[in-house]
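Note sheet for the following structure.
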Amino acid sequence: MKPQLVNLLLLCCCCLGRHGVAGTWSWSHQREAAALRESLHRHRYLNSFPHENSTAFYGVNQFSYLFPEEFKALYLGSKYAWAPRYPAEGQRPIPNVSLPLRFDWRDKHVVNPVRNQEMCGGCWAFSVVSAIESARAIQGKSLDYLSVQQVIDCSFNNSGCLGGSPLCALRWLNETQLKLVADSQYPFKAVNGQCRHFPQSQAGVSVKDFSAYNFRGQEDEMARALLSFGPLVVIVDAMSWQDYLGGIIQHHCSSGEANHAVLITGFDRTGNTPYWMVRNSWGSSWGVEGYAHVKMGGNVCGIADSVAAVFV
């Protein structure tokens, strides 16, 4: 069967699956069909690279009904945050530990299941709060969901669901010593709200310190930071992640277009292509059960440019 016919059948099936067979298509349905058609063309290009070394593969997912500019506006809400090259004055030194072939903080039961930021550009808040949750659990305390909405509503110099900087959020949390409350007390709404204040006596988790690093060309040191300090907040270029289904991301992203904040929980160097295990905030149905695998070395997607470790 010709590829054009396959794409047409897929287009029809997907759209019928979303909108049913009754009635006529509205303008919004036609727009979604046009976006899906553009996605199919884009997938052909993204998958045109040789499929070797477990390279990533791309296809139809929950974002295929969005044009790239819509996807970027809705889901890529992180601002670039400059970090000094390691080592630099003021940075916490990294112990010179031996690197295992594979390590994942999930195996230590200190990483919560993947969350979903929905149509809120609050990735910067999700990554920071997830790092704090894990840092607390690494100390032997319970692994709880903390309030992302509290950071979205209250963080100074950030814009909530319209975007923000994870380093700016960490600096604000550290300087104010604000206590993050449980998600159940201040649940996620996926929209900006008015900041709710809690008494200082309120139980919660505060950020004692954080360190920001630029590990470009030093990803072994970055792996040591992960081992020594816990999951790391990073900012990446995730435009091509709109179409990601699995495999190891090695191409199709830039080290100069940071737009999305995520959390690195581990790495795997057992195969031909070593990779970072990257926890996203687009739900567990995206990627590899909510994770992306990004090649270690070469600063793929700018993953080593702005890296933060959190201490609670």
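The backbone N, Cα and C atoms fix where each Cβ goes, and this holds for glycine too.
Remember, it's a predicted structure, so these values are computed and weren't measured experimentally.
Positions annotated as signal peptide by Swiss-Prot, on the basis of sequence analysis: 1-23.
Under the heading N-linked glycosylation site, Swiss-Prot lists ASN53 (among others). The C-beta environment of ASN53 (N-linked glycosylation site), restricted to residues of the same chain at least 6 apart in sequence and closer than 8 Å, consists of ILE248, GLN250, ASN272, THR273.
Taken from Swiss-Prot, the feature N-linked glycosylation site covers ASN96 (among others), and the record attributes it to sequence analysis. Just so you know, the Cβ of ASN96 (N-linked glycosylation site) picks up 8 other Cβ atoms within 10 Å once every protein chain is counted.
The disulfide bond feature in Swiss-Prot is assigned to CYS120-CYS161 (among others); the stated evidence is similarity to another entry. Counting only same-chain residues at least 6 apart in sequence, those with a Cβ under 8 Å from the Cβ of CYS161 (disulfide bond) are GLY77, CYS120, GLY121, GLY122, ILE152, ALA190, VAL191, ASN192.
Under the heading active site, Swiss-Prot lists CYS123 (among others). CYS123 (active site) counts 27 other C-beta atoms within 10 Å of its own C-beta, drawing on all protein chains shown.
Reduced to three states, the DSSP call for CYS195 (disulfide bond) is coil. Counting only same-chain residues six or more apart in sequence, the Cβ atoms lying under 8 angstroms from the Cβ of CYS195 (disulfide bond) belong to GLN150, ASP153, CYS154. Taken from Swiss-Prot, the feature disulfide bond covers CYS154-CYS195 (among others).
According to Swiss-Prot, the feature disulfide bond maps to CYS253-CYS301 (among others), an assignment based on similarity to another entry. The Cβ of CYS253 (disulfide bond) lies under 8 Å from the Cβ of VAL236, ASP237, ALA238, MET239, SER240, TRP241, VAL300, CYS301, GLY302, each on the same chain and at least six residues away in sequence. Reduced to three states, the DSSP call for CYS253 (disulfide bond) is coil.
All protein chains included, HIS260 (active site) registers 26 other Cβ atoms within 10 Å of its own Cβ. In the three-state DSSP reading, HIS260 (active site) counts as strand. The active site annotation in Swiss-Prot covers HIS260 (among others).
ASN280 (active site) falls within neither a helix nor a strand when secondary structure is assigned with DSSP, and so counts as coil. Counting every protein chain shown, the number of other Cβ atoms lying within 10 Å of the Cβ of ASN280 (active site) is 28. According to Swiss-Prot, the feature active site maps to ASN280 (among others).
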Cβ-Cβ neighbours of CYS301 (disulfide bond) (radius 10 Å): 32
Inter-residue Cα distance where the pair is ASN280 (active site) and CYS123 (active site), in Å: 8
